């Protein structure tokens, strides 16, 4: 440093090693400026006098110009370039003065030069991540924590910023679209209050149970669906806003989650066979904490030193995993995935891979979540909790591109309910590879529905239910007369979210009630569907309950409750199942309540997110349906005090006539082969009470 300040830098200064220096911290030092003439050099340092120097000089003695205000080459040291000039940015020639100003140089010219091999930093997708797929949009990326990275991601190969592609908003005024602004914060607060999730204590956050985990997942799904409806109304379908990420982020910010404590073994409240449509659902209930990485692990002190042990893995096709026969899984370690720049490398025995290797020797149980493609949404996935496995062995081998990868063979712990095996069996039934055991009729509907409904009994020798006539929809003796003609929509291509010119959307409070996947986005007292006078086609989103069941269903014999109904396909929360078909009868004009649906009974509300400002919130007349002599598959749906299906009142209007229907929707995600049940309601007169055999934790002991 001294040499740089001396005019003669050839002779190094002599150092007096006998002097004792008073060393002080930098923050205690004050700048010392050259003493003016006539003043002692040891006096108290004074502030430097203010000197205004123009960029081009003249400069006071001892002050050198710096780039970009550097003197020209003829300033006294010809042939020497400034050491402060960035490489690749030439000095400006010619006389240096205001008459000839220099060109401005951007600040990014001062960046550190790149290496010859280019930037080898992390690519946009972490190399140790398992593939991450949701049923919305794949543009966002999550780290292994909970921070969302959505914009301005640096591309290491080009140096250009690359992030979520911004989709131009549709010209709302030109297309007749009116954005509906809704504050979601009060909506979330209302949901959390209704489900008693405000200010969860630390004990429940650390260790949950089935009831709490169910409430957390239900609030997440209700809130996510409502935000999907709001986003589509504002930006149109396919806006790619990822309401699942926003909903989960808001919930976790408010501390709404459970099973935060990492553990080996099952997560409390999560049953083997439970399904999830979003990776964030796994995080909220503590089944698998990382939002992208396929391996979750924890540090355990078993000896003098801590060592990592795997607690859960997600196998969803990101690597060359082998699903085996349902009890065996060959899992590929993380890392070594080909990057965007084409580089490939060997996997390393670190982090998750090291934890799996340690678990081989410790023989601890590992939770396994299998991901399968969502047939209804090709870019999405469904995550199945397949229970506990143990790692039997591990080895290294070459993959398809010649790099070393780690392989782990996991065996399922015996004695657990079947989960992934059920999915494989159902696929074999659909493909005709294997036959369904106990089939009495291959299609109970005789072709009346678009999907066949088989009749199955693998319990006893009963050959089927009592005879009835299958009718796919509701029969009215006469429609309900409206006091004034109802408006009909003119959406030739189908009703679209945010279209203020659509009369049916206006009747639903400015929102379409269904998503493009047929999911009910918000629960209302009354849903207005398109009627026969509307111009939209039969496949319009607002005719969801008019097309019959979308899932492959079966009627089966239960062990102690007669015949029941279940699905071969997974059903999303809010997914449409079927309508209650039969004959509309007068209220109170029935003595036998078997195969009766009575809308006048008292039903427990599902949630607090109801539009109580809706003028049509009350049923205009008591709706009672009898399916004893004629009906559809809904007549086989049994009662439960903790149901997984909820009914909604739907009206279809045409001119001055209207018909009311009962449509069933899934309350939460329903895995295949789980019985579909709904609450039959409470009779106001408390008549015809029957013993309940639903077996749920909240069973009342009776039903009507």
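In case you wondered, yes, glycine gets a Cβ from its N, Cα and C as well.
Among the features that Swiss-Prot reports, Zn(2+) 1 binding site is placed at 489, 491, 495, 502, with the record citing similarity to another entry. Residues annotated as Zn(2+) 3 binding site in Swiss-Prot, with similarity to another entry given as evidence: 495, 530, 536, 540. Look at Swiss-Prot and you will find 561, 562, 563, 593, 595, 635, 638, 639 tagged as S-adenosyl-L-methionine binding site. Sequence annotations record features per position, and here Swiss-Prot assigns compositional bias 'Polar residues' to 80-90, 109-121. Residues or ranges marked as compositional bias 'Basic residues' by Swiss-Prot: 159-170. Swiss-Prot lists 487-548 with the feature domain 'Pre-SET'. The domain 'SET' annotation in Swiss-Prot covers 551-681, and the record cites sequence analysis as its basis. Residues or ranges marked as domain 'Post-SET' in Swiss-Prot: 688-704. Taken from Swiss-Prot, the feature region 'Disordered' applies to 1-21, 68-176.
Sequence-distant neighbours of residue 536 (Zn(2+) 3 binding site): residues of the same chain at least 6 apart with a C-beta under 8 Å from its C-beta are 489, 491, 492, 493, 494, 495, 530, 542, 543.
Local packing around the Cβ, expressed as the count of other Cβ atoms within 10 angstroms, is greatest for 530 among the binding-site residues 491, 495, 502, 530.
A C-beta separation below 8 Å, combined with a sequence spacing of at least six in one chain, links residue 593 (S-adenosyl-L-methionine binding site) to 688, 704.
For the pair residue 540 (Zn(2+) 3 binding site) and residue 595 (S-adenosyl-L-methionine binding site), the C-alpha distance works out to 31 angstrom. Within the model, the domain 'Pre-SET' (487-548) shows a mean pLDDT value of 92, rounded to a whole number. In sequence order, 465, 555, 556, 557, 636 are the residues near residue 563 (S-adenosyl-L-methionine binding site), counting only same-chain partners six or more apart with C-beta under 8 A. Other than the site residues 495, 530, 536, 540, same-chain residues with C-beta atoms no more than 8 angstroms from the centre of those residues' C-beta atoms, the Zn(2+) 3 site, are 489, 491, 494, 502, 504, 534, 535, 537, 541, 542, 543. Across the annotated binding residues for S-adenosyl-L-methionine (561, 562, 563, 593, 595, 635, 638, 639), the two most widely spaced Cα atoms sit 16 Å apart. Sitting within 8 Å of the Cβ centre of 489, 491, 495, 502, and not among those site residues for Zn(2+) 1, are the Cβ atoms of 490, 494, 496, 499, 501, 503, 504, 505, 530, 534, 535, 536, 540, 542.
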